[in-house]
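One structure, pasted below without further comment.
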Amino acid sequence: MKQKFTLIYLVYLLVFVYFLIFSFSWPLLILSLFSLFIAFYRQYYNLLALLLCFSFFLLMVKKETEVQEIQQPEKISKITPYMDTLQVNGNRLSFRGEVNGRDFQAFYTLTSEKEKEYFKNLRIKGIFYIEGTLEIPEEQRNFSGFDYRKYLRTQGIYRLLKIEKIQGFEEKHDFDLRLVRRKAILWTQEHFPSPMSSYMTGLLFGWLDKDFEEMGELYTSLGIIHLFALSGMQVNFFIELLRNILLRLGLSRKLVYFIQIPFSIFYAFLTGLSLSILRALLQKNIPIKNSSDRFSITFLLLMIFSPYFLLTTGGQLTMLYSFLITFFSQKFNELKGLKRALLDSTVLAVGVLPLLIFHFHSFQPLSIILTLLFSLIFDFLLLPGLLFVFLLSLFGIDLTLLNPFFIILESIVRLVGSLFDKPIVFGKPNLIFLLLLFMLSGLALDFYRKRNWNLVVIIVLFFLFFLVKNPKHPSITMVDVGQGDSILLQDRWNRQNILIDTGGRLKIRGDEQWKEGSYKSNAESTLLPYLRARGVSKVDVLIVTHPDEDHIGDLESVAQKVPIKKIYVSASALEKKNFVKKLSSLKSQIHIVQEGDKIPIFNSNLRFLTTGGEGKSDNDNSLVTFGEFYGKKFLFTGDLEEEGEGKLQKKYPHLEVDVLKVGHHGSKTSTKEGFLEAIKPKVALISAGKNNRYKHPSQETLHQLTVRGIKIYRTDQQGAIRFLYKKGSWQIQTVK
């Protein structure tokens, strides 16, 4: 006999099937089969039929995506920009646009200050006639790193458009809600001072510009940046405001509902069509009283109209927050006031914690209290107040005198940030650990009244967090930092972490001030995410091989996020004034390398073979380190060139290694024949940027390595390279 089922069970099964289709894994397959068995056992045949239909739909979506990735135009000559995506940063213009039903992410280098001002203030929709080239977006380059290609795919974008020349602009005067949003943002930026304008564009229109980047990072470190992510709070405020006004005007509830629908569509466009807003609007407008069914129908509708939403971090977070509010908040209905608010905040924090550490690898415990406090300010003061001020400005009433309030607010945030500036780093859990963390977090919330059970669950949770944060396998990773160097030596259980250089890129200042924009350091997108993913909350030792920008340019950026206990430098490096200035701004202990220095790690030592004063050039003054770890000999040479190699060979005539970190990114001035003959490496590691201007590594160096049968690993081709000591041997892993 067929049994009735609840829609939430369909959603539960569909989540498993969804991730099986788009990112297969054995643990998910086992869980899916177990759940399907229960559905068969309970005779949920209607549920299984619906699940089959959705599965077929998702398979078709995946197939269509694969076709779209291949069938892209080779060249385009015009593009219609989505007006609310236009962004100017220094001399760079970026936007998303449409060509014949296909979307592209476009970039253009502005040629003059006049052109910059034109695009910065553009308020007319139109078509750009252009000359440009299409490129495939970059894939993931580091372990646990950002995959730009995969991200754009979830947005329906498969190519980047690099515009070389804009030949003309054809105006179009059809109505466009995206243009309305852009005009509202520009109006705000022109009529209100900073930082007031940033809060207004952020909370009313879902737009935070580059000027807010520094404060945005501070809100992120405190775990409350989600206050700017438009979702249920804003939707509830605006929909209820509209309903109250219309009902007071005497309109019937039925008519109010029909007016509410087009208003919701308008509001969705006004806030940038973000997933969190779409989710909140759907849940608000679906005329079903049962909150579980309303959540489930919202999920299914998003699955149909935006199939890739669950592959995005934002999509996962907004659905998880909504799930927790829908199903767990009901458990605390007997509580009122502050106690209820604090418990709700705790439920959200505990429930979403596994997903947060999976994506961001860290968590700020203070965010539970800060979310509660700042939500009161944002919900009941800033949101209605900023709306009122914005509307008055349209009638010429100036209330910019309120700006000091926002200056004081930011001062308070900075003060709190100075006291609690670093979140707890957890590391990135694998899929099995993630599923276990979700299960235990759910049990912790379910057993909140049963103290004995809850204590057991919490103890197991802490044990799992310990295992995630402290990897049991020693590793040596050459991080892909582009055209630079950064190598992490991580002992088991995080007992010792040694970082050789931080990477960095040469900052080329524009010859004119208007060309300068706001850019994050290279480490923000390469080294730092990897350190967090490996559970590294402090660096015990940083070795500065030499003070070139591509090796140590990101020192300050790294030190701001990850404390560095001790920095090893050469005496010659301290002759560089700019480098000494960098060091003086840090709280780290500085150690000048001496003959015979060594650092304990991997039940052995990393030894310094040079002290950095042996060469005539900065490159040949690189600190060279050597270590024999678990049966393999590693040599790290910095930017050592021919002269330095010769001196090293002369000083250590019997030195032989298994793994050589090739000097100076594989340039033709390093890794000479005599040096290779002497040290006899079996594996060569080359850190070089993809398509770098120096053409590293050189063909000559590659030839010298190849003819000797030396296995070559290159970051420009394979991304990050990792040696993992597991089951009694070193395993070599690459991202690509």
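Every residue gets a Cβ built from N, Cα and C, even glycine.
Below are the features I grabbed from TrEMBL:
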type: DOMAIN; residues: 483-690; note: domain 'Metallo-beta-lactamase'
type: TRANSMEM; residues: 7-38; note: transmembrane segment
type: TRANSMEM; residues: 44-61; note: transmembrane segment
type: TRANSMEM; residues: 220-243; note: transmembrane segment
type: TRANSMEM; residues: 255-277; note: transmembrane segment
type: TRANSMEM; residues: 297-329; note: transmembrane segment
type: TRANSMEM; residues: 341-360; note: transmembrane segment
type: TRANSMEM; residues: 366-394; note: transmembrane segment
type: TRANSMEM; residues: 426-445; note: transmembrane segment
type: TRANSMEM; residues: 452-468; note: transmembrane segment
How about the transmembrane segment (7-38) and the transmembrane segment (255-277): do they have 3 or more C-beta pairs under 8 A, pairs 6 or more apart in sequence?
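By the criterion, they do not touch.
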Same chain, outside the transmembrane segment (297-329) by at least 6, Cβ under 8 Å from its Cβ: which residues?
7, 10-11, 14-15, 18-19, 22-23, 54, 57-58, 61, 150-151, 153-156, 226, 229, 231-232, 274-276, 278-280, 282-283, 286, 288, 291, 344, 347-348, 351-352, 355-356, 359, 445
Between the transmembrane segment (341-360) and the transmembrane segment (426-445), are there at least three Cβ pairs closer than 8 Å, leaving out pairs fewer than 6 positions apart?
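Per Cβ check, the transmembrane segment (341-360) touches the transmembrane segment (426-445).
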How about long-range neighbours of the transmembrane segment (44-61): same chain, 6 or more residues beyond its ends, C-beta under 8 Å?
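Non-local partners: 2-3, 5, 9-10, 13-14, 17-18, 21-22, 36, 300, 303-304, 307-308.
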Would you mind listing the long-range same-chain contacts of the transmembrane segment (220-243), meaning Cβ under 8 Å and 6+ residues beyond its ends?
202-203, 206, 208, 256, 259-260, 263-264, 267, 271-272, 274, 276-277, 279-281, 283-284, 314, 317-318, 321-322, 325, 363-364, 366-367, 370-371, 374-375, 378-379, 383-384, 413, 416-417, 420-423
